[in-house]
Amino acid sequence: MRISKPPRGLPWWCVLVGWFLVAATSGVAGFFTMLYGLHYGRASSLKWLISMAVSFVESVFVTQPLKVLGFAAFFALVLKRVEDEEEPIVPLLRHLSSPDPSSLFRVRRNSRKDIYQPPLAANIEKMKTTQLKEQKVFALIQEILGFITDGNSKLVGSAQVRQVRVRESSCLLASQLQTSLNRCHAPYSLDVEDLSDYGEGWNASNLNSSNGFSQAWQYQSQSQRRGYPIWGKLTVYQGGGYVVPLGTDHQSASRILQYLFDNTWLDSLTRAVFVEFTVYNANVNLFCIITLTLETSALGTFFTRADLQSLRLYHFTDGWHPFVVAAEVVYFLFLLYYMVMQGKLIWKQKWCYFHSKWNLLELAIILASWSALAVFVKRTILAERDIQGYRKHKEEVISLSETAAADAALGYIIAFLVLLSTVKLWHLLRLNPKMNMITSALRRAWGDISGFVIVIFIMLLAYSIASNLLFGWKLRSYKTLFDAAETMISLQLGIFNYEEVLDYSPVLGSFLIGSCIVFMTFVVLNLFISVILVAFNEEQKYYELSEEGEIVNLLLMKILSFLGIKCKRQEPVNSSEQPELLSEARHPQPAPAAPQV
């Protein structure tokens, strides 16, 4: 009999090392847990301990048993049990060792039932049918999961590809180079853009040889397309160009793109290519306008960009629309009331009305509100026009650029209106003593705050310029000065890709990032916060309740007395008189002597 060697492993003393590491890790973790508990205090530590105990009990008695039962049921019901192939060998060896030779034949006759028999034809057909049903079930599940992840997005109209070009020989050559160079390709600008119509293969002599794709070689203006200019990486491009619809299915798009490739639709005069299409997501009720941009300069460099702009054309699709409409109506009724009040104030104060910044704030809120209403009406009209156009011509290109521009303008106006309303709310909250104290503290520290803001801006500009010069020609996040500044601001917020900088330049990248974090985050910003805190502490020492605060206290006392609630009124004490009152309390003046008769 062959004796198997015991499996090799680690020495016996490694068990002791493992237990030592477990004990050390537990001790260090417990030590730091104790320190954090002392730091957080008794109440927070008790809540922490209770949450940990509840989590442990839930994991031991609920989560883990259910997990074990689930895995056991899965392995018992789903996985098949493998038959033991060594059991038939034992009786066979027993009969071979028997002195009776006839026992071997009995064993063979008895073991015929264990020999593999092919399944019946009916069983095979049944298995095939079951397998086909399982495939259909998995296909249905896969279709449902596309539905879920894709968000039920639907292509609206047809996708299109558009290019802008420059004219042939659009830049002038120096007289010294005219003999060696035939032509020069200028970068894109409005002056050199090609606006002509051509035939197939950009042949200007034959305008009708296009085989049904004449619009691919004919220029469409911005007004004809109802488009808008696009601001790219290199320059601003007009909304016109040479446009080709790609259809609504994959086969049509492939056929059109193959035709454009065979006839060299893109050549050395192309300066930008735009792929534009619109999808509608029914789950979130949003239209999304996708624009994929490929720009090229006269030097041969390429820039890619993807722009996503979402807008909502169906505003009232749930049960909240009566409430929303009522709120909008109430808002404009209040707006009309404030317009009447401000009109009376202007009539009374004349030109002095415009000398108050709060009056100008009220006037700006009124103008922004009516501007938002006008843009909202225009956006609604454009949206209805686009929806009706899509319903009539579902296979054609539907341009939502004008509606999207109106929607973006409405968003900007509303954001500005919210800003003005927040400033107005801050002004109204001056009646609150704490808010008034915060305002006074910021006013007290405004000189230091403005100085730190200038220092922060200078440092941000310096790091942006440095990162743009070092990494701008290689890394996408630093291509332009604006991109570099945006990346530096993201660094302060903790949104930063360290790997791309460190992989490209470990020494300069680590020095630049480390110095930016140290000087801007740990030094300048902390000093900025310290200045505000010092000003707040100083304001707390010398703060006096304003006249408006006293009026609010008196109003509160009147309301409480009207409700029958008794409250003792405390007279405000001037902070300048507090030291005198304290000195009199500590050293009382002697009583005057009685007059002698």
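Even glycines carry a Cβ here, placed using N, Cα and C.
Predicted automatically and left uncurated, TrEMBL annotations should be read as such.
Now, the feature entries from TrEMBL:
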type: TRANSMEM; residues: 12-36; note: transmembrane segment
type: TRANSMEM; residues: 48-79; note: transmembrane segment
type: DOMAIN; residues: 152-314; note: domain 'Polycystin'
type: DISULFID; residues: Cys171-Cys184; note: disulfide bond
type: TRANSMEM; residues: 284-303; note: transmembrane segment
type: DOMAIN; residues: 317-538; note: domain 'Polycystin cation channel PKD1/PKD2'
type: TRANSMEM; residues: 323-340; note: transmembrane segment
type: TRANSMEM; residues: 360-377; note: transmembrane segment
type: TRANSMEM; residues: 409-429; note: transmembrane segment
type: TRANSMEM; residues: 449-471; note: transmembrane segment
type: TRANSMEM; residues: 511-536; note: transmembrane segment
type: REGION; residues: 576-597; note: region 'Disordered'
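Across the residues of the domain 'Polycystin' (152-314), the predicted structure has a mean pLDDT of 82. For Cys184 (disulfide bond), other Cβ atoms within 10 Å of its Cβ number 14.
The Cβ of Cys171 (disulfide bond) lies under 8 Å from the Cβ of Cys184, His185, Ala186, Val192, Ala298, each of these being in the same chain and 6 or more residues away along the sequence.
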